[in-house]
Amino acid sequence: MALRGPLSRLLRFTLSSCQQNRSHSVAVLGAPFSKGQKRRGVEHGPKAIRDAGLVERLSNLDYAVHDFGDLTFKHLEKDEHFMHVPFPRTVGRANQLLSGAVSGAVGAGHTCIMLGGDHSLAIGSVEGHAQQCPDLCLIWVDAHADINTPLTSPSGNLHGQSVAFLLKDLQNKMPEVPGFSWMKPFLSARDLVYIGLRDVDPGEHIILKTLGIQYFSMRDIDRMGIQRVMEVTLDHLLARKQRPIHLSFDIDAFDPSLAPATGTPVNGGLTYREGIYVTEEIHNTGLLSVMDVVEVNPTLGATPEAVEATTSLAVDVIASALGQTREGAHIAFPKIPEPKEDTELRL
């Protein structure tokens, strides 16, 4: 498992502290990885999102876009289950590599976009972000809470346990999973908000309630409206102080009618307008520092149109988080043009 090409150069540029005022540049990091769950194909997500026009869209928003390509992951030949958790060492090493890449991107002053890959990758993405920005807060947009421990997880899949690795509040509830000795939990439960939950396991429910984690299920969104949900979310995370935001966005937060090419779809998800409103409001804070977009699986689309709908939606969500508005982007005309004096009307 190694860094190659521009990714290795990226890590040479680091700053001693997190820069709150992000430069107008974006680093795109691909993480083609699938071992956090059992369905193949999600490793093709980064390429599919790029092929849907991501770099061009961001360039049109007047960003300097630095696409550092994809990380190279290796599957360990000997990687026995831990309890009923598959591929723990492979997932751990992949996240360690990703952590270094994200830390390097943020340290170099970029806003970082991480393209997954499955949601186990958020372990490394958030951890690498925290190396540069230890006071970050985390917004997790997902149908699932991903906060199981190996002791509560029905499946054992690590993409459903990502948040448990991050939280200091669960430190004494987590066994020592092979492959993760390189990291320690760093995030407090009060620094996390969930949006879009609608498929929460019993063990996750007791964790959410016991730790008092702020979350908004789809029922809450129906009841309160997405505007109020975002007001409460940002007040909860930013009222004490302005700090960097890490947005981890699972494409299955959307209703499957909008994002069918994903591994664990759940009916009754976010509408297009609700999902875009979430990212618009996060952009409006000026504090977005890192964004993950995960669980796009182009092999699970029943038709080419289903795949295109999912990948185009991923591009829309990223572009919205980086400033694309539904009024349109107006970079080309900073002011109303005036006719020159020698302009003649020609018939």
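Glycine residues also receive a Cβ, built from the backbone N, Cα and C atoms like all the rest.
Just so you know, TrEMBL annotations never went through curation; they're auto-generated.
These come from TrEMBL:
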type    : residues                                       : note
BINDING : HIS119, ASP142, HIS144, ASP146, ASP250, ASP252 : Mn(2+) binding site
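Taking Cβ-Cβ distances under 8 Å and a sequence gap of 6 or more within the same chain, the neighbours of ASP252 (Mn(2+) binding site) are ASP142, ALA143, HIS144, ALA259, THR262, GLY263, THR264, PRO265, VAL266, GLY269, GLU295.
With a 10 A radius on its CB, ASP142 (Mn(2+) binding site) counts 27 other CB atoms from all the protein chains. Between the binding-site residues HIS119, HIS144, HIS119 has the most other Cβ atoms inside 10 Å of its own Cβ, all protein chains included. Same-chain residues at least 6 positions away in sequence with a Cβ under 8 Å from that of ASP250 (Mn(2+) binding site) are, in sequence order, HIS119, VAL141, ASP142, ALA143, HIS144, ASP146, THR262, VAL294, GLU295. Same-chain residues that are not part of HIS119, ASP142, HIS144, ASP146, ASP250, ASP252 yet have a Cβ within 8 Å of the Cβ center of the Mn(2+) site turn out to be TRP140, ALA143, ALA145, HIS159, GLY160, ALA253, THR264, VAL294, GLU295.
Within 10 Å of the C-beta of ASP146 (Mn(2+) binding site) we count 30 further C-beta atoms, all protein chains included.
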